[in-house]
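Peer 1: Quick one: the structure is below, questions incoming.
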Amino acid sequence: MPMTMSQAFIGNFLGNSPKWYKIAILSFLIINPILFFYVSPFVAGWVLVLEFIFTLAMALKCYPLQPGGLLAIEAVAIGMTSASQVLHEIEANLEVLLLLVFMVAGIYFMKQLLLFAFTKMITKVRSKILVSLLFCLASAFLSAFLDALTVIAVIITVAVGFYSIYHKVASGKDFSADHDHTSENKNEEGEDQLNEAELESFRGFLRNLLMHAGVGTALGGVCTMVGEPQNLIIAAQANWQFGEFAIRMSPVTVPVFIAGILTCYIVEKFRIFGYGAQLPDAVHKILCDYDAHEDARRTNKDKMKLIVQAFIGVWLIAGLALHLASVGLIGLSVIILATAFNGITDEHALGKAFEEALPFTALLAVFFSVVAVIIDQQLFAPVIQWALNHEGNTQLVIFYIANGLLSMVSDNVFVGTVYINEVKAALLNGQITRDQFDLLAVAINTGTNLPSVATPNGQAAFLFLLTSALAPLIRLSYGRMVWMALPYTIVLSIVGVMAIQIGFLEQMTQYFYDSHAILHHSVKEALAPATGH
């Protein structure tokens, strides 16, 4: 029986997604205008946010760009926000978009060096606990200077490299052969080709390392003003420079960092929350053989490429630490330097570098349209006003918790931006003192960065990982990410809130003032045009 036009429409709509998912998205598109016009724009706004979170949670059923984009287009069409407000949000976050377009592509051209370094780390260090700690620490260090997305892009590149090497050899091919590592584990006769238990164990091992690395980016990213995009925004509003930002954050970030590393050790030691997966001996042997094979066939030309990439890595860290240009422009310089000095001049070879990041860049632009709805419908206004009604230490704790809860379900760049703007308005209105504003800025920054590891919605790096080509290969779903992040979420959130609650933040800040490590700022300084560079 031939397919009817309506069946063809449903079949084409959102492609291979499950039928129930397609019906859910169509239902959302019907419900939203009814809620907006006949119930309340405020209710419709929150429903839209929840629907968008649903599309993110179902990222493995359907990439969120299409369903989320349809919801966003409808929101603009019915007047929940305007196209100009969406454009304003994209303009305000241009650095984040440039970061995604250029920095992630730049890292693609440095992956030989990164694969070299991390392969040595995994082949030379046999202890799983030690490898986990190394990945967590390396990610934390890198993300203090690079954006967390950049670091996760690095780790994803490394993991895909490991997975494809194993898949290629286990499928009976040599290292140099072409091979599709995304194919199912069957040969031409339809028989299983790969050892299923071995493959599952290796997937578990890679999942563990990626989650440790992901949390590592949060641990390091909260410490410096270049660690996360929202840190830049908060530092600019408070007129803090690189050193002052790190010092002011340290009463919260140092205890949290220590607790995070201890959590990494404990979950691996006791094999809880899905951790403790070991690297099978057979896989370890393949990776060691590959390492030896690569070392043996490495020519002077190849060695020169690694040296050039190492120098570019130094420029990358120095350029970001000293804030010599915006993050995206430094990423563009990395692309130019890496391709020019390593002889990559073919347009098609350049194009491959952008494949990973551009769908996510488009998704982020769609997310900014949801942010525009949140602003136009003032969805967060009641929470912010309630928090400002409290005083002193209680106010700091409330802002930390309120930031944390909203960052778990919303983009932390947005949450941080909204809160720091509201608090700055309160400062200029005389509701709070300048010293209280500085403490609130610390609470907002740490509250935005730390509890948001709970879900991929809060951490852009986690969302990038979830929607990457690697996630389905290693069976890393939304639910599994939330479960594996849970011990970190609990520990980081509690240690962070305790550092504020017991007065440690206030006492240490006073100590820094007394020892002249930092100086008191005036309200007048907050009126000066904010500069992030």
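Every residue gets a Cβ built from N, Cα and C, even glycine.
Quick paste from Swiss-Prot:
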- 10-30: transmembrane segment (TRANSMEM)
- 67-87: transmembrane segment (TRANSMEM)
- 96-116: transmembrane segment (TRANSMEM)
- 131-165: transmembrane segment (TRANSMEM)
- 209-229: transmembrane segment (TRANSMEM)
- 247-267: transmembrane segment (TRANSMEM)
- 310-330: transmembrane segment (TRANSMEM)
- 355-375: transmembrane segment (TRANSMEM)
- 396-416: transmembrane segment (TRANSMEM)
- 454-474: transmembrane segment (TRANSMEM)
- 485-505: transmembrane segment (TRANSMEM)
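Could you place these features in context, so I can see how deep they sit and what lies close by?
Peer 2: For the transmembrane segment (10-30), the residues of the chain that approach it from at least six positions outside its boundaries are 3, 51, 54-55, 58, 61-62, 66-67, 70-71, 74, judged by C-beta separation under 8 angstroms.
A Cβ distance under 8 Å defines the sequence-distant neighbours of the transmembrane segment (67-87), meaning residues of its chain 6+ beyond its ends; these are 14, 25, 28-29, 32-33, 36-37, 41, 44-45, 48, 51-52, 55-56, 362-363, 366-370, 372-373, 375-377.
Same-chain residues lying 6+ beyond the ends of the transmembrane segment (131-165) with a Cβ under 8 Å from its Cβ atoms: 99-100, 103-104, 107-108, 111, 114-115, 118-119, 121-122, 125, 175, 179, 181, 202, 206, 208-210, 212-221, 223-224, 226-229, 257, 260-261, 264-265, 268, 275, 286-287, 290, 316-317, 320-321, 327, 331, 356-357, 459-462, 464-465, 468-470, 473-474.
Residues 94-95, 97-99, 101-103, 106, 110, 113, 145-147, 226, 229, 242, 337-338, 532-533 of the same chain lie 6 or more positions beyond the ends of the transmembrane segment (310-330) yet place their CB under 8 Å from a CB of it.
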Peer 1: Look over the recorded stretches 96-116, 396-416, 485-505 and say which has the most C-beta pairs under 8 A to the transmembrane segment (247-267).
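Peer 2: The stretch I would name here is 485-505.
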Peer 1: Below 8 angstroms Cβ to Cβ, which residues of this chain, lying six or more residues outside the transmembrane segment (454-474), approach it?
Peer 2: 53, 56-57, 59-60, 63-64, 96, 148-149, 151-153, 156, 159-160, 163, 181-182, 203, 206-207, 210, 214, 217-218, 356, 359-360, 363-364, 407-413, 481-482, 485-486, 489, 493
Peer 1: Out of 96-116, 355-375, 396-416, 485-505, what stretch is closest in contact terms to the transmembrane segment (209-229), meaning most Cβ pairs under 8 angstroms?
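Peer 2: Result: 485-505.
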Peer 1: Of the stretches 96-116, 355-375, 485-505, which racks up the most C-beta pairs under 8 Å with the transmembrane segment (396-416)?
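Peer 2: Ranking 96-116, 355-375, 485-505 by Cβ pairs under 8 Å to the transmembrane segment (396-416) puts 485-505 first.
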Peer 1: Taking a Cβ cut-off under 8 Å, which residues six or more beyond the ends of the transmembrane segment (96-116) line up next to it in the same chain?
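Peer 2: Beyond its ends, the transmembrane segment (96-116) has Cβ neighbours at 90, 146-147, 149-150, 153-154, 157-158, 161, 229, 294, 302, 305-306, 309-310, 312-313, 316, 326-335, 338-339, 342, 344, 352-354, 356-358, 360-361, 364-365, 413, 460.
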